[in-house]
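K.L.:
Pasting the relevant annotations from TrEMBL:
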type	residues	note
ACT_SITE	Glu34	active site, proton donor
ACT_SITE	Asp174	active site
ACT_SITE	Glu267	active site, proton donor
ACT_SITE	Glu288	active site
BINDING	Thr378	Ca(2+) binding site
REGION	575-615	region 'Disordered'
COMPBIAS	593-602	compositional bias 'Polar residues'
Amino acid sequence: MLALLGDRAKFTEAVTWLGKNLHFNRNKTVSVFETTIRVLGGLLSGHLLASDESTGMKVDGYQNELLKLAEALGRRLLPAFDTPTGIPYGSVNLLHGVSEDESQVTSTAGGGTLTLEFGLLSRLTGDPIFETVAKNAVRGLWAQRSQLGLVGAHINVFTGEWTHKDAGIGTSIDSFYEYLLKAYLLFGDDEYLYMFKEAYKSVMTYLYTDPWYWEVNMNSAVVVWPLFNSLQAFWPGLQVLAGDVDPAMRTHKAFFAVWKKYGFTPEGFNLATQGVQPGQRSYPLRPELIESTYMLYKATADPHYLEVGRDITASIQVYARCPCGYCHIGDVETRVQEDHMESFFLAETVKYLWLLFDLAAGGDNLVETGPHLYIFSTEGHLFPMTPEIALRSDYKLVPTFLHENVPDAGQLGDEDKGTTFAEPHIPRLFNSLISRVNKSGFGLDMDCTDESDLAYRPLEGICQKLSMWRKLAAFYLAGLPRMEEKQATEGEPTDFKEINANSVKSSRETKFIRDLLVSIVHVREEPQVVSQEAEDTLPLDKAEGIRVNLITELTPEYEAVEVVQTFQKATESSVDSGLNLEDEDAEGVQPFQKATESSGDSEVNLEDEDAEGVQPFQKATEVSVVVVEDIVENQDVDGVQRFSSVELSTRIQ
């Protein structure tokens with residue numbers, strides 16, 4: 001935070017003090033998850049800032065003290081990974097390793113939210129052991145996903161059996177999804193992107209009931225918990241990072257409606273009773289909703305999100321301020337204070353509020369105008385996206401403008417590389433992005449800029465060697481009407497039941513053209529070769545599902561391209577573009593019905609390690625940037641890719 005504020009003197013003082021006084025030779029048992037995202041992540045981020053002269057924060061006389069501390073800490077955490085599944089124990093003693101009576105059960109977030117910090121430690125020290133164990137932990141969790149592609153909340157690290165089979169995007173799971181995408185963005189590892197796309201598709205198919213997300217049984221998709229918990233509020237920010245802005249806006253609107261009702265978001269809000277969930281009445285100064293607000297403002301420049309930030313700031317200042325800082329709110333209805341303030345309040349809550357308003361005032365800070373593009377860790381630490389950290393030199397970054405006008409398809413002419421278009425209006429906050437990408441060492445080559453004009457209206461998920469047909473498809477999709485235009489005249493909902501999906505549907509003809517064009521955009525002329533490594537790490541049935549050119553397979557009849565979701569009853573007449581219309585789950589159970597196939601305790605345990613105070617993924621990197629690779633997306637069982645970044649960013653309901 002000191003570096004973001006530009007306070008070089010205090011930043012230097014803090015780095016110097018840590019280098020002289022911090023050590024880990026202590027007989028102390030710590031959470032692997034919490035220690036990694038808070039301490040290890042903070043040391044690595046501090047080192048990268050203190051050692052980089054281009055950031056303006058370089059510390060004179062700095063001799064990599066923070067990196068040495070990070071490596072020492074990382075090695076003390078390594079014994080936790082000595083399990084049959086590769087998924088680490090939840091806790092480890094810094095002096096003696098794993099205790100004999102240590103629990104064999106850990107949370108999905110606890111085992112799957114280590115990749116950024118451990119991967120970065122390997123890149124900076126040259127020792128691959130840290131990245132290897134963290135990636136194996138993710139593979140261990142991924143291997144135990146259900147046939148629906150869902151993961152549970154808690155797992156036995158020895159047997160690989162799920163001890164808590166409720167799937168969701170909140171408590172105990174949240175940052176697992178966050179780090180799948182961010183590990184790809186930071187390192188360029190295709191395996192993480194593959195897992196994120198598959199996981200995201202399953203979440204949007206089985207958990208999403210626009211605009212809310214249920215907790216369901218991971219094997220049957222039976223709804224077990226109609227609950228909004230505060231950790232879910234990170235999700236819209238992650239969707240922005242993935243290019244899926246429309247549903248992010250609707251979900252954020254619903255989540256903020258809960259905030260407005262109480263002045264805070266309680267740990268649990270029951271969607272069936274539309275009231276605070278008993279036992280989950282507190283607000284421990286969490287940052288998730290604020291982070292998503294910041295991300296949405298970066299993506300849209302909509303002043304509405306500044307008003308949201310103003311309301312959140314007012315609530316915290318009026319009701320949480322106490323003599324020595326800011327206190328937890330013990331009950332969002334009585335607003336009684338508790339004498340406690342988590343470290344994430346300063347690391348994330350205050351940071352994202354400051355970034356939001358500073359961006360509106362011109363964005364003169366390290367994140368917006370600095371020499372690098374940054375990924376925010378789940379604890380809000382800054383990790384720069386540089387070629388030294390990425391896996392390979394051909395790693396591509398393409399800026400993303402989601403609301404701009406684009407040239408009409410008729411302007412495209414032939415595939416002459418000399419073709420240029422008039423620059424459309426670009427929001428102020430993106431003006432310096434192109435030059436910053438080029439300065440970062442990645443560059444926007446001819447495949448990503450001149451040939452397809454992506455410098456002015458890039459499309460998420462595609463970049464290299466766009467054919468003329470794909471360009472036509474891209475610009476057609478970009479010109480389709482947006483959901484927000486349909487909702488522009490709608491007022492604020494008066495009841496939570498009114499916050500639901502937009503009912504506007506496209507015509508059969510438009511939908512056919514749209515699906516056809518999406519298939520064009522996401523097709524290569526030549527098949528992608530799956531590496532031996534990929535075959536060894538990915539399920540064979542999915543590794544073989546390489547997308548082929550659907551153009552030659554589609555018939556003139558729209559019925560030939562019917563979209564049917566896995567395990568979901570759907571007919572051509574009832575399928576709504578991009579919207580999960582499941583009125584019933586896979587077992588025929590209504591969404592608000594408690595599951596009969598619960599794994600046991602359906603209560604959300606808010607005392608587990610990631611609920612205890614660590615933010616499910618602080619989701620943020622340059623939202624205006626999408627890392628793009630020449631990757632062919634795998635088909636789902638019906639040959640239609642549900643997760644399509646282009647489709648998502650231009651979704652028609």
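Backbone N, Cα and C define each Cβ position, glycine as well.
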K.L.:
Which of these active-site residues is closest to Glu34 (active site, proton donor) if you go by CA atoms: Asp174, Glu267, Glu288?
P.N.:
Asp174
K.L.:
Expressed to the nearest Å, what is the distance separating Thr378 (Ca(2+) binding site) and Asp174 (active site) at their Cα atoms?
P.N.:
10
K.L.:
Can you tell which of the active-site residues (Glu34, Asp174, Glu267, Glu288) has the fewest other C-beta atoms within 10 angstroms of its C-beta?
P.N.:
Glu34
K.L.:
Would you mind reading off the Cα separation of Asp174 (active site) from Glu267 (active site, proton donor), to the nearest angstrom?
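P.N.:
Distance (Cα to Cα, whole Å): 14 Å.
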K.L.:
Cα distance, Glu288 (active site) to Glu267 (active site, proton donor), nearest Å?
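P.N.:
Glu267 (active site, proton donor) and Glu288 (active site) have their Cα atoms 12 Å apart.
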K.L.:
So for Thr378 (Ca(2+) binding site), how many other CB atoms are inside 10 Å of its CB?
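P.N.:
I count 31 other Cβ atoms within 10 Å of it.
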